[in-house]
Every structure is written in C-alpha cells, then in structure tokens.
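This report concerns only the one structure given below.
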C-alpha cells in the first residue's frame, strides 16, 4: 500500500483509502474482527474518534496485529478527533485517546467540528443548551501543543467550510494538513477543494458513497444511472466508481463497512481507472445540496442555522 499515499504539507504521508471504525452498536469484538480482516486485505489507514466509541477496539486490534507480525506500527496510519466538549484542553483529550488506543502517538489528530460543547457533553447529538462559545484560536494553540509534545505527527480539521479554513489560517502557526468533510459525486465540494488546495490542505472524504445508512445518507450516488453505466463499462461496481472519482480529485476516502465482501470491493477501487469521459459524465450529476442542507441546519451539532448561511459558507 505504500504506493497509494498522499503527501501532506508537512512531509508526512496518508494512505488514500482509510477504514472508518464508527459503529452505532459499539460492539468491540465485531469491530476488532473487522479491523483485523481489513489489515489482511491491505488497509493501512484507520479512522476513529472519541465520540465513535471505537478507540479501545481499534487499539486492541492494531496491537494484536503488530504482536502477531501482520504489520509494523510505522506501516499504519491512525487518525482520531478532538470532540467538541474538549476544546478547552486538546492535550489532555489526546492523552486520553492515546490511553484508550494503547499507543504512544497517533498519526493525525483532527478538530472534529468547528463548534464547542460544554465539558460534560459526551453524546453525539447535543441539545441546544449544550453549546458554548468557541475560541478556535485557543483550541488550535492546544492542537499545536499536541504536535510539539510528540503526541501526534500531524494536526488538521474536520467539517470546516471555506470561510472557517480562511479564518483559521489567519492565526495558525501550523497550517492544518487535512480537512475531512463529506464529499462524493453528488456533493463535489468544488469551492472547498479549491480553497484547501490554495493552502496545501489535503481534502479527505468521508461518506464517499453518499452515506447510505446515515441519518442524512442516500443511496442516490450508487443508484445513479451515470454511476451504474460507468461501472458496467469498466466491469466494476458502482461503489468502486464513486470511490475512484474521489481519488481522482486528489482526495483520500474514508469507507465504513465491516462486511468482508464490501471491504474487499471498496479497496478494489484502487485498481480502477476512470477516463476523461467518465469524469465528464459524473460532472453532469445533479448535486443533492438541498437535502444535505436541510439536514445540516436541523442538526444541533451543525454551526449552520439557515440555508442562506450554509450557502454563504459553502462547505
């Protein structure tokens, strides 16, 4: 997998296909089994977060795989995220993440959302009264301390819009290496990709298949006639076409499945090549912005309260 790496702005590398480890059930045994299977298939990038509840299972699975000689620590990339109730002390939050993982460092630490929650909020869907004012400058200073202390190799952000990226750049001593956001053929993030590109920030795509199974998700991406037609043309699957599109934009993709057949299918996107006509056809696909916008402005974890505000920010 070493040839399937993205170079980050600090000289570190990132495997371009990552495995998401969030599970609503938080079944530790199932998660550990899936991660071990993924390692055997060639996955080397594993994405977790405090709020996912999967850090312990991920750490157990990776340590066991290292002990068994399946991988070396330097061959894997671990990403975790600062939850919104921990903005006041990113160093302590990361130290707790490392304790759960059983690791001395992680490869990438991201600010999960550009919102702050009160210190006791440890659930994924907070109430309106759980929010407090965000001091992003102080938060980012704490992230930079994590880097200085060797607790992580790189720092970045998640769910940051174009405007929020530019606000962060104004005071950051260390430019984020990654912005992880939702992106797929029906949410192509043109403006955000351009802004991130201007600052050398790598865009990493979560829900690269449209998030089927999530509250905001849809099967419209993999069911779309254009995606289906391109898949048939290349003797590939619609999921592989959607993932290859994301990779063709210079992004990495985070895929989430614990099903061995789908895991193998997803990593098979690395073997697919889309031609210029395929990419041209995908650009014709209607973007499902209204549906996503309605979800964002109704989601209490989102900083957007009106559709107009969302369009102005254009994440």
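Backbone N, Cα and C define each Cβ position, glycine as well.
Here is what TrEMBL says about this protein:
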DOMAIN    17-285  domain 'NADP-dependent oxidoreductase'
ACT_SITE  52  active site, proton donor
SITE      81  site 'Lowers pKa of active site Tyr'
BINDING   112  substrate binding site
Which number gives the other C-beta atoms within 10 angstroms of the C-beta of residue 52 (active site, proton donor), all protein chains shown included?
22
In angstrom units, rounded to an integer, how far apart are the Cα atoms of the residue listed as 'substrate binding site' and residue 81 (site 'Lowers pKa of active site Tyr')?
5
Mind giving me a neighbour count for residue 81 (site 'Lowers pKa of active site Tyr')? Other Cβ atoms within 10 Å of its Cβ, every protein chain shown.
26
I need the CA-to-CA distance for residue 52 (active site, proton donor) versus residue 81 (site 'Lowers pKa of active site Tyr'), whole Å please.
10
10 Å Cβ neighbour count around the residue listed as 'substrate binding site'?
22
